[in-house]
Amino acid sequence: MSTTHNKPSFPYFRRHSFDTVCRLNAFPKGFFMYAFTAAQQQKALFWLVLFHILIIAASNYLVQFPFQISGIHTTWGAFSFPFIFLATDLTVRIFGSHLARRIIFWVMFPALLLSYVFSVLFHNGSWTGLGALSEFNTFVGRIALASFAAYALGQILDIFVFNKLRRLKAWWVAPTASTVIGNALDTLVFFAVAFYASSDGFMAANWQGIAFVDYLFKLTVCGLFFLPAYGVILNLLTKKLTTLQTKQAQDRPAPSLQNP
């Protein structure tokens, strides 16, 4: 008795081939990097650049306000800047390191300018008026320059470390390692450039200790809040993007089986 085997339809083939590729790429090979159209990448680039600029400007403003916890000095900027590393690591995971480096390029100079303007206009938390921009503020200028250098170096290192480790099956290893190493360089560069021999006597005398505590605060915030948030967001994005790209694969016309 002969048995006839029916070939699956192409939508079925494309759907399950895509799921198989996703599973293969998710762990040993690429751990998620999806294929996106040029328009989708440009849209993602725009929103991610805007997000980075806003977080940098906010952090540069908040770093002007030190406070104490149990006698330990830190700044409010320690709570906002880790958002940058969360966004960068998700970008590398989903889009790849190339787009993440493009974001750094597009963010650096606008963030430098916006950070300076915003911090001058709201120096020490008070509105100083537009006239404050007519004279260069050395103190704020150093903070903006320090942010520029720290952001560029810290993010490049973060992307490098994350990209090397993102293929590991354990999703948390890459964001943890890149955050620990990237934040260390970012914090050191920022506080050294901004406050070494600064006109602010308190920050000039205490920047090393504040930088160390700031770094510990960043790691604590990342460990308690951002790493779990990374896992949740990654899971949601993975499901959404897999569904989206499966639909795109199904909508593409099936290739012909006829020989030329």
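Positions of Cβ are set from backbone N, Cα and C atoms, glycine also.
Pulled from TrEMBL:
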TRANSMEM  44-63  transmembrane segment
TRANSMEM  75-96  transmembrane segment
TRANSMEM  103-123  transmembrane segment
TRANSMEM  143-163  transmembrane segment
TRANSMEM  170-195  transmembrane segment
TRANSMEM  215-237  transmembrane segment
Folded-back contacts onto the transmembrane segment (215-237), same chain, C-beta under 8 angstroms, at least six residues removed = 32, 74, 78-79, 81-83, 85-86, 89-90, 93-94, 171-172, 175-176, 179-180, 183-184, 187
Inquiry  = Let me spell it out: take the transmembrane segment (143-163), skip the flanking residues so only those 6+ beyond its ends count, and list any with a Cβ under 8 Å from a Cβ in it.
reply    = 56, 59-60, 63-64, 84-85, 88-89, 92-93, 97, 100-101, 104, 107-108, 111-113, 115-116, 119, 174-175, 177-179, 181-183, 185-187, 189-195
Key: Of 44-63, 103-123, 170-195, whichever stretch has the most CB pairs under 8 A to the transmembrane segment (75-96)   = 44-63
